[in-house]
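Notes for the one structure printed next.
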Amino acid sequence: MPRKSILSVNAGSSSVKITFYSYTKTPSVIATAQVSGITAPPATFKYSVGSKQKKEELKEKISSGPDAFKLLLHRCFTDSDLKDVASADDLAYICHRVVHGGDFESPVVINEETYHQLEDLEDLAPLHNFAALEIVRLCKKELPNVQSITFFDSSFHKSLPPYVKTYPIDQETARRNKLRKYGFHGISYSFILRSVAEYLNKPVEKTSLIALHIGSGASVCAIKDGKSIDTSMGLTPLAGLPGATRSGDIDPSLVFHYTNEAGKLSPASTKEMHISTAEEILNKKSGWKVLTGTTDFSQIAVEDPPSEQHKLAFDILVDRIVGYIGNYYVKLDGQVEGIVFAGGIGEKSALLRKAVIEQTRCLGFAVDPEKNQHGPGDDETVVDITASGRSDVKRVFICQTDEQFEMAYNCTKTQGLDKQ
């Protein structure tokens, strides 16, 4: 009997999300489940199946992504509400989001050889790839008969021109150590591009956008005729915009003035995962959390901020976003279908969108205040919030991005189901 579902896995630093999809030409959601709060216990478990929803604080100790994934599998395959729709026997494929794919330009089916190739990339992105690969390893052990496919955030940016992706350092060293701009959030940008092109009734290859994925990790991408021509993240996701705990772009020598132990291993390192003190400071002890004491941007993006530091954090993010929009607008020669806001903050923060668009009005962008405030409905993938009544205005969109769906959708394409 043919297998009939796809499992998409998205492992972050503090949460693991999984979604079961139908294995059909256009996948549809069967069930979703998530463990969050891994780094800030107690962890919580929640799921939804159709109209049924459940959320609970976990009594079990969950200290890692693999712990969370094991619990998710156990619950999904044993819970009375889930076991009838989330069966291991029905799984055709497991799709894994892996942040750094190095030189891989397309999804990779996991076998011994490809797994070890991905392990070699952990030195480039230990904070980002380690958890995902631990779950890939767990799937091979717990679900050995189900094929795992990895999808890379970096693959979307394979079209970056050499003058964009090359760092002006010794090129022999750069080639040997794979030191170049890669770019990330590519699975999200793929979804955004396809969804906005469909909304505009345009071919993807004729769609040009300035896309913003703004969440606890944030980036901007210039898309010309369906291809990434520049993006704010670089060798790792640390480059570019600040995030909840990331510094974003800084003077490269700053960290050596910050501490004289920058090159030493951080106490957060483990036997399997090596993190330098510099990496920990800039990835985990920076961003708007160190300015405000919170990673929750909804407490920062308010009309009456509780402190000057909250206002400063908001202004810093807006300033950096606006800088990239100006840069990319010029690179695209002004030929863009619009600016697209996506990601948890981009989709939810009307104040951020308002501030960014007000500061780019010289480029012709403007939003309708009511549409911007209302934002997208639950079932709306793309909404146009452009100011109405003006023919000269450039368009502004919100896209509710969905990386898990994008992996499932591309899984059906890579496995040829879309041609059946």
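Every residue, even glycine, has its Cβ placed from backbone N, Cα and C.
Database features (Swiss-Prot):
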type     : residues                          : note
ACT_SITE : D153                              : active site, proton donor/acceptor
BINDING  : N10, E403                         : Mg(2+) binding site
BINDING  : K17, H213, I214, G215, S216, G217 : ATP binding site
BINDING  : R97                               : substrate binding site
SITE     : H185                              : site 'Transition state stabilizer'
SITE     : R246                              : site 'Transition state stabilizer'
Fewest-neighbour residue among binding-site residues, criterion Cβ within 10 Å, set G215, G217: G215
Number of other Cβ atoms within 10 Å of the Cβ of R246 (site 'Transition state stabilizer') across all protein chains: 25
Spatial separation of H185 (site 'Transition state stabilizer') from H213 (ATP binding site) - C-alpha basis, Å: 7
Of I214, G215, S216, G217, R246, E403, i.e. the recorded positions, those within 10 Å of R97 (substrate binding site) when Cα atoms are compared: E403
Greatest C-beta neighbour count within 10 angstroms, which of the recorded positions D153, E403: D153
